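Reviewing the structure listed below.
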């Protein structure tokens, strides 16, 4: 059976949790392959229960599914334990969660440096969540990071923390005028936290590949979105990892030839949290309508999301860089009760038309959207379960997005619930 990659095709917050939850009953494994607790998935169960997950894969809510925090993820031990406790309190079985021995740990000094750096930059800040994600990935690439497996050997953990703080404390004290961190205190804190997750540490790359060899289905769940990818996103206003489909193989240990489907998640309009270019951003009553009707508040940050019309330029770009085979279009219901719905089909940059993503980020900043208008609809579509049950104008809107994006729209979300979905084509194949 296949490995399926699920990836956001915009700037994150597209509704990936809903897609994972919908597929959950057909899956045996769900894997987070990058990022950390700087992203959030919201899942609404058929009984109305709502779960906001930041680190643990969405498959944890589906009985019988084994969930993996992969080697490409950076893990805050405290956040992991808090999230597990919250799920346990609500009766969710968390026994089938595994943690890659090679995932990196977010240490207290990563969080401290992240927060003071953003304050130091002031108006020039990137807009990070301040959770230590970037500094942890920096240490990973500099080969001075602390990995999950290090908590199994106190001597190695102590050596790594002491070596790291020789430099980090200089930065905190001499540049940012903050107090130095005590190495032993950091070690003791991490070891105490490790008591709550040591039993979950595993060679997950081996287990995942063996699962595929047995014919089981594995979903590789990305966080954030394509335009936040450190290589392919709107740099420097990006995350510190690779949410794109190429990152799925690296962050899980599954070879790329074992991935048969790349499911992109597209919101029927566009949103973004934090700083950075956003060509279709709205500052009028339409933007307010999308934000209010769509409930556009960041799951992790609590920050209001910026809103705009659908951008086909970035959708085509996402299709290309991810090799997307299918799309799940979410929040189509939010667009009900609009007379007309603009779609951005290209950019105008200083009088030059771009139908594809400009190479220069300066051009992306200066891009003005070129719109094509589609007639809207006023009907309530939340009860539609087949494509034909949608109003004709809603059908035409979906088909136009499909044409512009360059991949088949296999699923359509018409409400927040798991069952409020239209399936046009099975993505597990």
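Counting starts with 1 at the first residue shown.
Using the three backbone atoms N, Cα and C, a Cβ is placed for every residue, glycine included.
Record features, source Swiss-Prot:
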ACT_SITE  13  active site, proton acceptor
ACT_SITE  41  active site, proton donor
BINDING   12-18, 40-42, 305, 331-333, 413-415  GTP binding site
BINDING   13, 40  Mg(2+) binding site
BINDING   13, 14, 15, 16, 38, 39, 40, 41, 129, 143, 224, 239, 303  IMP binding site
BINDING   299, 300, 301, 302, 303, 304, 305  substrate binding site
Spatial neighbours of residue 13 (active site, proton acceptor) among the recorded positions 38, 40, 41, 42, 305, 332 [C-alpha, 10 Å]: 40, 41, 42, 305
Spatially closest candidate among 38, 40, 303, 304, 305, the listed binding-site residues, to residue 15 (GTP binding site) (Cα to Cα): 40
Between residue 40 (Mg(2+) binding site) and residue 414 (GTP binding site), the C-alpha gap once rounded to whole angstrom: 21
Residue 224 (IMP binding site) versus binding-site residues 305, 332, 414 - nearest by Cα: 305
Nearest of the recorded positions (38, 41, 303, 304, 305) to residue 18 (GTP binding site) - Cα to Cα: 41
Distance [Cα-Cα, Å, rounded] between residue 303 (IMP binding site) and residue 12 (GTP binding site): 13
Residue pair residue 12 (GTP binding site), residue 38 (IMP binding site) - Cα distance, angstrom, rounded: 11
CB contacts for residue 15 (GTP binding site) [other CB atoms within 10 A, all chains]: 22
Entry from the binding-site residues list 12, 40 having the most other CB atoms no farther than 10 A: 12
Listed in sequence order, residues with CB under 8 A of residue 414 (GTP binding site) and six or more positions away: 332, 333, 381, 382, 383, 384, 390, 420, 421, 422
Alpha-carbon distance [residue 305 (substrate binding site); residue 42 (GTP binding site)] in Å: 15
Conformational class of residue 224 (IMP binding site) under the three-state DSSP mapping: coil
Assigned conformation of residue 18 (GTP binding site) - DSSP reduced to three states: helix
